[in-house]
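Features reported for this protein in TrEMBL:
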- Cys311: active site, nucleophile (ACT_SITE)
- Asp152, Asp179, Asp249: S-adenosyl-L-methionine binding site (BINDING)
- 33-382: domain 'SAM-dependent MTase RsmB/NOP-type' (DOMAIN)
Amino acid sequence: MSDDYVDEENSSQILSCFPPPFLQFLETNDIDPNIYTIKSLPRYICLNTHFPSSQLPSPSDLSFQLSCTRIQEVPNFPHFFSLPSVTKIANSSAYKQGKIFGIDLSSAIAIYSLDIHPNDHILDLCCAPGAKLCLISNILDNVGIGTITGVDISKNRLSVCKNLCKKYKITKVRLFLEDGTKFNVLAPSYLEPIKKMIGQLHELHINENRLKNPEDKSDKITPFWTPKILRNDPQKRGSQYLYDKVIVDAECTHDGSISHILKYEKYGWETFEKNFLNPDRLNSLWDLQLNLLRNGWSLLKPDGILVYSTCSLSKKQNEDVIEWFLANYKNARLETIPNIANLKTAPLKVNEYNNTDLFKLVRFDPIHSNTSGFFVAKIRKIKET
């Protein structure tokens, strides 16, 4: 458990600042309010491995640039480092040059649960603000024909993704300004430019007669942004163009993000109550999360993997969502979350369910895990016989 509690007097002071609707939300969802009294949590960075290893900063380089002596590699997450929460990275040369990026450990756990391979086509249905895209691109590298398709409903947030993709030289990506519950563009099939870029043109097996004329845009959805390499994709239909992996990092109440919650103490709780604690909003979030899962599942290949995650500690937005999904999709099977043997997890809220597979779900919180609060589920789509 974390040793970073504030003292009892300050703890009471912090909790007294919370509005009654939020305290009621915590009680209803069996969330320990002491979670919000943790003094500090580490932040994380990852190296941008699109640079040659000889050009990437070493731990000692990072220590010097960040004026920080407490930089630690994170076991089982390559090129990942934890830093004290007060560490600023924006002024370092490594950050300015695009050699490091900030990313939450929760995002890394979710991404590594996808079990990414070089030729995978990956769909991120809630991609903003874009750090997940950076890590997916790291893992894909440029050794295969795998691509990333990012979707978000917010133009401003998607603009941030676009800037990150440019800064970190993510080349095999498409960004769509679309509703993730209705998005239906399948994985790219126009692969010649990608093959040429990675020097594997001799492996190309595409029937030219089946490709649409790239100038025929009548039934195409124009991406918000994509590099030239994927602009001529014909957006073909057919089960062979379903995605290999899908991540649904769903919109939620964000109550697991300590910094997100505490900022409302400064800026006012009215917006938080309106956006997240209104009963109608909470019900609409449940519907949104289910619909994102449904749509992501429909776009996933048989034997593919879908990862569902939130930064909420609410049972309704986590275990309840997955329990409902497993009950209604018989070709769904939970799998074990990888790479977390060295991390402490928080207790699940699954005692009332009959499905023992739910114990493969994973929760983290500040008290047990010394991380922000988040939830992850890994679901495989079983081939129907």
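Placement of Cβ uses the backbone N, Cα and C atoms for every residue, glycine included.
Structure with TrEMBL features highlighted.
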{"residue": "Asp152", "record": "S-adenosyl-L-methionine binding site", "Cβ contacts under 8 Å, 6 or more apart": "Cys126, Cys127, Ala128, Leu158, Cys161, Leu175, Phe176, Leu177, Glu178, Gly180"}
{"residue": "Asp179", "record": "S-adenosyl-L-methionine binding site", "Cβ contacts under 8 Å, 6 or more apart": "Ile153"}
{"residue": "Asp249", "record": "S-adenosyl-L-methionine binding site", "Cβ contacts under 8 Å, 6 or more apart": "Ser107, Ala110, Asp124, Leu125, Cys126, Lys132, Ser309, Thr310"}
{"residue": "Cys311", "record": "active site, nucleophile", "Cβ contacts under 8 Å, 6 or more apart": "Ser106, Cys252, His254, Asp255, Gly256, Ser257, His260, Ser372, Gly373, Phe374"}
Among Asp152, Asp179, Asp249, which the record lists as binding S-adenosyl-L-methionine, how far apart in Å are the two most distant Cα atoms?
14
Environment of Asp152, Asp179, Asp249, the listed S-adenosyl-L-methionine site - residues of the same chain whose CB lies within 8 A of the CB centroid:
Asp124, Leu125, Cys126, Cys127, Ala128, Val151, Ile153, Ser154, Gly180, Glu251, Leu292
